[in-house]
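According to Swiss-Prot, the protein carries these features:
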BINDING   166-173, 191-195, 213-216, 284-287, 315-317  GTP binding site
BINDING   173, 193  Mg(2+) binding site
DOMAIN    1-159  domain 'Obg'
DOMAIN    160-334  domain 'OBG-type G'
């Protein structure tokens, strides 16, 4: 299936049905009172997150989604039927925003999450509501309200804990296929990966994390060159970026340090927030380097790159160094979750001070 991670749709809710202005007319009851029923509410358009869907391709071609109108009220106190709702199933990780106002309507982050995109109009009142002691035969009724109509932008940002960053052919797909259950296409030419791949890395029976592999970046990606710029948004939800570098390129004219710097520059141009995320350097393809030269090669790269953060050297092909990297990632993610939990549990000191001041003022009074 083709991977589509952006779409534009129109959601049109149903109009409410009109209220009825009718009177009871039966044999031997020539002047019965009002019996006009209310109109039914219009159908609404909902979005629901579904973990079994991983692309927005259905919305690339079906752009207009219309809910039914509510039925009009009728005599004999008959209320109009409500219009049928429309529920659109979308991938988990879809961000929905209003194209006219720019407002973010919803961020579907959990399976089953249900959000109203366009609300149906309320049904109008029948003349039964207007009966009073002074107006026994009201002829007024209320028309139904129109339903909402919205132009919406859908953006899919995959939910992953770790994102892989690097030049084409750096070995990202080989790495994710070695450590996870993902089976991306792997070949010895650039741009083998054409869309994001997700892999679940199981550390043990109870612990796992999700890795996202996006197409490789090239210089000028932030301005639209290559493929990777289209998919950088999929790294925005991650808690850690792995910058994978081919430390032993076949072309001797290629400088791995220059390529690594180019990737980081593209990242900064695209999104400062993404640039500021925790990032680890992973030097890949050490199996190609003679064992006696590896330490010197790594040391030289780190020195010329002026890198101060964590460094890992692996061979994604043979698996050398991958286990240590996986366990380091697990510990890092666990620490992040612990920090988030502590931040949520931390009391609001300012609120406590305000409450204390209120109590003190009350005691003075």
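The count begins at 1 with the first shown residue.
Glycine residues also receive a Cβ, built from the backbone N, Cα and C atoms like all the rest.
Worth saying up front: this structure is predicted, and the values here are computed from it rather than measured.
A straight line from the CA of residue 166 (GTP binding site) to the CA of residue 173 (Mg(2+) binding site) spans 11 Å.
Long-range neighbours of residue 315 (GTP binding site) (same chain, six or more residues apart, CB within less than 8 Å of its CB): 284, 285, 286, 287, 321, 322. Of all the binding-site residues listed (172, 285), 172 sits in the most crowded Cβ setting, with the most other Cβ atoms within 10 Å. The Cβ of 169 has fewer other Cβ atoms within 10 Å than any other of the binding-site residues 169, 173.
Taken residue by residue with DSSP, residue 285 (GTP binding site) is part of neither helix nor strand, so it is coil. A 10 Å cutoff on Cβ-Cβ distances gives residue 166 (GTP binding site) a total of 25 other Cβ atoms nearby, all chains included.
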